[in-house]
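One structure is given here, and the rest of the page talks about it.
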Amino acid sequence: MALHTKLFLSLFLLSSCLATLITSSQGDYRFWQQQFPFIRRASSFSSVSSSKSTRSNGGEKKFDYIVVGGGTAGCPLAATLSRNYSVLLLERGGVPFANINVSLLSNFHLTLVDTSPASASQFFVSTDGVFNARARVLGGGTSINAGFYTRASTSYVKRVGWDAKLVNESYPWVEKQIVHEPVFEPWQRAVRDGLLEVGISPNNGFTYDHLYGTKIGGTIFDKYGRRHTAAELLASGNSQNLHVLIHARVQKVLFDTTGKKPRAIGVIFKDENGVNHEAFISRRRKSEIIVTCGAIGSPQMLLLSGIGPKEDLKKLNISVVQDNKFVGKHISDNPLNTIFVPLNRPVKQSLIETVGITKMGVYIEASSGYSQSPDSIHCHHGVASAEIGQLSTIPPKRRTQEAIEAFKQNKKDLPHEAFHGGFILAKLAYPKSKGHLRLNNTNPDDNPIVTFNYFSHPKDLQKCMKGIKIVEKLVRHQSASYCYDVGQVHGSADFKRQIREIRRNMK
Ligand SMILES: Cc1cc2nc3c(=O)[nH]c(=O)nc-3n(C[C@H](O)[C@H](O)[C@H](O)COP(=O)(O)OP(=O)(O)OC[C@H]3O[C@@H](n4cnc5c(N)ncnc54)[C@H](O)[C@@H]3O)c2cc1C
């Protein structure tokens, strides 16, 4: 899946005061141990690293597969492989279970705002100045994201060369376990009706399929607003073969370089006490180490392990295992603009449910309400803040201290009611603008340096403007359902200002 970054140029944050609500807890050990007896803390692993040795000193258990990164891809992969093979899955974060910030839809924004080292999300900012979050918890992105689920388009499956039959057989396996039909809140209904009225048709109703037109997709939140993550997919693995270690921060992949080609043989990881361990794959011919650390973490892990551009590796004193100029190159992120539509009464909270899929490669989505307590607007919301974060109305590179102070001052005088409303998001699929990633240092816990070069390709900018035009049309349309279900659209001056700002910032 593509990395999902926010370029929120124009909205306000609706949330309750976070200072008291944030807990960095990563789940209580006792609650989930019974259901997932194969998940253990990294310190329980018996092998301790033999200092600089890159070879197994024998004796310890070896695995058919070692999967590095227990996220959206890593968990189902480990579960599937464990049916026939022994698998070690290593995840740097804790568990998502019993962590209320992760588990509840109403707390969606809290994890993203929590920038503490124990948070399930790792704060990340690219050199473009755009704020983002990287998952740091079992379940990966599914433990911190907006929970929207859809099947891939058939053309995408063909383009990337996957076996379409196998892909189609795999969808129900995931869907049965963690995907739900959304409750479909009034704001979502209003946006669906609006999309159909402005011509994003046909109405495809509720479907997991990726179809042109307007649809309601799946969600990993159930009807009680509880999140179901990829970590739950581990339950369908073979518990005799599956070994999952949490708080296992993989430092690098180890290679045997004595043969014709380097061969991955093991990994070094640090446990929660900072002690190094080594784990190895078996000598079976098909044994593998699979890196599923996410769009940022995977190239970072390859570079840390000595696979990448030779010159860059040498600068950081990393021994070169394989000179490869492509590692860390051609990285891209889907730009996303958001419009806030003020309404004359509070709107129930919802994450992504309605989606307009256009043929021009722009997706229109909707979300609404974030714990709208009267004091929320006076709080600083960190990564998701309107001062400096994804929700800032000031473009990333123009966020001077004066601009931030001016924003904070103005925010104080805003009435709570100004924050009643919903969001409409316009997202670009398959951006043509490409960037690059390189290591900042040799510490795997630190973010690498990433540049996405948003909108450097003129086609991306054109598409983005087209997306905003659809949103503009949609809001101006003010379909009957807005008034009936959600409330009258008001504050049109504010809406016009947002559109103006987006246009100005695009120039
Ligand atoms: C705020 C937000 C909202 C989003 N909303 C949606 C949405 O609604 N729908 C949707 O489809 N997509 C959404 N996405 C995108 C989606 O979550 C990601 O595309 C997806 O999770 C990527 O899966 P992955 O397996 O590649 O990486 P991840 O799920 O990020 O998994 C990588 C895992 O590797 C671990 N890891 C990294 N480095 C190491 C290391 N050195 N040692 C051990 N473990 C390591 C991480 O902790 C993580 O658990 C959203 C993303 C964000 C940030």
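Here the Cβ of each residue, glycine as well, is placed from N, Cα and C on the backbone.
Remember, TrEMBL labels are computer predictions, not curated facts.
Annotated FAD binding in TrEMBL involves Glu91, Arg92, Val250 plus, out of the candidates Val137, Val191, Val198, the residue Val137. The FAD-binding residues named in the record, Glu91, Arg92, Val137, Val250, extend over a maximum Cα to Cα distance of 14 Å. The average pLDDT computed for the domain 'Glucose-methanol-choline oxidoreductase N-terminal' (294-308) is 98. The binding-site residues examined here are Glu91, Val137, Val250; by Cβ neighbour count within 10 Å, the least packed of them is Val250.
When other Cβ atoms within 10 Å of the Cβ of Arg92 (FAD binding site) are tallied across all protein chains shown, the result is 27. According to DSSP, Val250 (FAD binding site) is assigned to a strand segment.
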